[in-house]
Amino acid sequence: MHLSFGSLFACLLASSTAVASAPPSNFDVANFKSADIIKRDVAVIGGGSAGTYSAISLKDKGKSVILIEKKGRLGGHAETYIDPATGTPVDMGVLVFHNITVVKDYFKRFDIPLNRADDFMKSEFYFDFRTGRAVTPTFTPQAEEVSAAFAAYLAQYSKYPGLRNGTILPSPVPEELYMPFGKFVEKYGIQAAIPSMYYFNPGVGDILSNPVIEQFRYWSSDMVRSVATGFLGPVRRNVSELYTRAEAELFQSSSLLLSSEVVHALRADGESGVMLIVRTPAGRKLILAKKLLIAFPPKLDFLAPFDLSATEKSLFGKYIDAGYYVGLVKNSGLPNNTSISNAAQGHTDFTFPYLPAAYSFAPSAVPGLQLVTYATGQTTKSLPLSDEAVKADIINTIKRIQKQNPDKFTSTEPEFVTFASHAPYNLQVRAEDIRDGFYDKLYTLQGQRNTHWTGAAWKGEDSSLLWTYSEEIVVPQVIEGL
């Protein structure tokens with residue numbers, strides 16, 4: 001399909017699919033200076049992992065793009081704190097990557113060297129963060145048992161090759177894919193793998209009640225392999241460098257709008273393309289694009305400006321998610337040589353903690369700074385807790401641990417040096433929705449109304465596999481329709 005931008009504008013205004021909150025007159029080019037009208041092959045909304053990768057990939061393939069990001073930076077969950085005293089970077093959120101071709105090619109493109117990432121530090125201390133008292137884990141499998149359990153897990157995972165291309169499931173969906181993961185664990189005797197699965201992937205809510213397919217979406221064969229053989233990470237231990245370099249390149253080609261937000265959208269099928277009104281620090285911009293690629297979490301409150309169809313509203317309205325938060329704390333009085341994990345004696349066979357709560361505290365690359373992760377259970381709310389409520393709970397948790405263990409930890413006044421909310425995290429749906437074909441219906445949206453979709457909801461919370469999904473599936477679909 002080859003469409004001029006002049007005909008694109010005419011087609012859109014003639015379309016019967018209009019935005020209820022913004023009549024077509026709002027999109028009249030006469031309301032915009034020529035410098036404020038941006039014409040591109042593809043408009044990408046959301047500058048996180050998948051959106052940034054897709055914009056760069058499309059650009060490399062000769063397509064004109066405009067990437068629109070609400071925040072003042074790219075990277076999404078990839079956040080890096082630079083210690084002002086030493087210049088040492090400390091990554092939060094996204095830490096490591098799989099040793100696969102798409103990862104190595106992407107970092108090489110921006111001249112960022114990789115090597116084997118540091119192993120995750122094993123906890124030597126377990127406390128019930130509700131009380132501050134020490135907990136003794138009752139289930140401590142040996143390495144051989146863990147390996148055998150992961151092998152049994154992979155034997156079941158491998159029955160569903162469609163998982164490489166998203167969440168492509170058999171029809172009808174087998175009951176095994178929507179049963180609670182805890183029942184699946186018992187059925188296949190993979191208990192020894194569960195502590196690793198839980199602590200490697202915080203932010204999923206109640207792992208044992210999650211439907212099996214929601215666990216499969218993150219714990220891919222690539223993830224299991226990386227846990228066994230090692231992950232990759234930037235040599236300079238600064239994941240955000242990837243995004244600052246992508247940001248510089250996109251700015252240079254006038255392909256990026258930061259601190260910007262779509263306020264109205266006009267989408268239609270056929271040759272009509274899409275029109276967007278974007279609020280930017282420099283005023284309103286009118287975007288005329290042949291295709292739209294949405295790469296942020298598809299929650300209804302975030303999608304309000306995008307003129308959703310009844311089908312889109314129905315599907316996206318089914319999502320639940322978890323709150324997930326990260327931060328760095330100084331003056332914690334916690335050790336610099338081991339991590340501390342949350343546990344609750346007698347709660348599940350694995351002494352998993354009650355949520356919402358901090359998962360763990362771990363030493364960072366800067367002595368005296370502790371990396372903390374915190375999460376909630378599943379919720380329909382996109383932003384389940386305020387940042388201030390989470391930070392207050394974390395500080396109170398540290399003080400409880402100090403008070404109950406004066407022989408181990410010094411009493412201090414902890415302070416945050418940085419904090420970030422990654423909510424809504426790990427979008428998923430309930431068992432009955434999976435049974436009723438939610439994912440099959442979801443993927444039929446790709447390409448409708450000149451709109452494509454990528455991001456964790458379409459694959460999983462894993463940057464390496466999001467890049468693979470975007471490169472192998474989504475970007476080719478977008479280009480085919482241009």
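Yeah, the Cβs are placed from backbone N, Cα and C, and that goes for glycine too.
Values in this document were obtained by computation on a predicted structure and should not be read as measured data.
Per Swiss-Prot, the features are as follows:
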SIGNAL    1-21  signal peptide
CARBOHYD  Asn99  N-linked glycosylation site
CARBOHYD  Asn165  N-linked glycosylation site
CARBOHYD  Asn238  N-linked glycosylation site
CARBOHYD  Asn337  N-linked glycosylation site
Next on the checklist: Between C-alpha atoms, which of these glycosylation sites comes nearest to Asn165 (N-linked glycosylation site): Asn99, Asn238, Asn337?
Outcome noted: Asn99
Checklist outcome for this item: So Asn165 (N-linked glycosylation site), by the Cβ count within 10 Å over all chains shown, scores 13
Item to check | Nearest-integer angstrom distance between the alpha carbons (Cα) of Asn337 (N-linked glycosylation site) and Asn99 (N-linked glycosylation site) | outcome: 27
Item to check | Which of Asn99, Asn238, Asn337, all glycosylation sites, has a Cβ with the fewest other Cβ atoms inside 10 Å | outcome: Asn337
